[in-house]
Amino acid sequence: MATAQSLEAWEYNPSDEDQRCEHKYSPNRPVSPQYLEELGVLSWKIDVADCESNPTLEKIKGDRGYKFWETVTVAPGKLENYEAKLVQFFQEHLHPYDESRLILEGSGFWDVRSMEGVWIRFRVEKGDMIVLPPGMYHRFTLDTLNYIKAMLLYTEIPTRIDVMRPDGDDLEVRKEYVNQFLARSPPEYSISEELMKPVDSLSFRDDLILPISTLSLQENPPLPISTHG
């Protein structure tokens, strides 16, 4: 079954630590689940012991129109061009469709922009399902365990389209996201001016970056999602 999920989130500390570390301030500066919801992040906790017949997962698929899925493992020896892809995933980007992930094994971090434009980090682990809305700038990294396996869900045949910042700023999908989630007074949550400073990508060599067209993510070919009715 699925339950509403309260993701652990915090202000991202732009230190020179490896990107796979937590990057928490000391003391930690937690961010509430409600704030993530204000940004458009949806989340559930799902029993992944039997995804093929999980009725609540099937309901989410039906409600959101997911018709295809694929399974991806990100780990050394499990993903071709592993280090290059970690670099790619950690480049700030958006998609013209939502990003829907169900974590089957392992763990990692997503970073999303706050209403003030700085990074908020949240953790995902086995059983977490998250959806980021179209037009939302974000990035992903593994944690220090260097392993995650996830189901990626799509409304159309999977095609990976990454639009890097600032190239996505003028896209209609970005404008729609800004109007829906950012063009209003933020909730009571302050972010220090120190965090407004630009942050460079961390820890992986620039010479490993590959064009997105060369990065195949599929572990299994996309399959249609069965419906029950």
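Residue numbering: from 1, along the chain as shown.
Any Cβ shown, glycine's included, is placed from N, Cα and C.
In TrEMBL, annotation is done automatically, which means it is predicted and not curated.
In the region 'Disordered' (1-26), helix, strand and coil residues by DSSP number 0 helix, 6 strand, 20 coil. Per TrEMBL, the feature region 'Disordered' maps to 1-26.
In three-state terms derived from DSSP, H95 (Fe(2+) binding site) belongs to neither a helical nor a strand segment and is classed as coil. Within its own chain, H95 (Fe(2+) binding site) has P134, G135, I161, D162, V163 as residues 6 or more apart in sequence whose C-beta sits under 8 angstroms from its own. According to TrEMBL, the feature Fe(2+) binding site maps to H93, H95, E99, H138.
The Ni(2+) binding site annotation in TrEMBL covers H93, H95, E99, H138.
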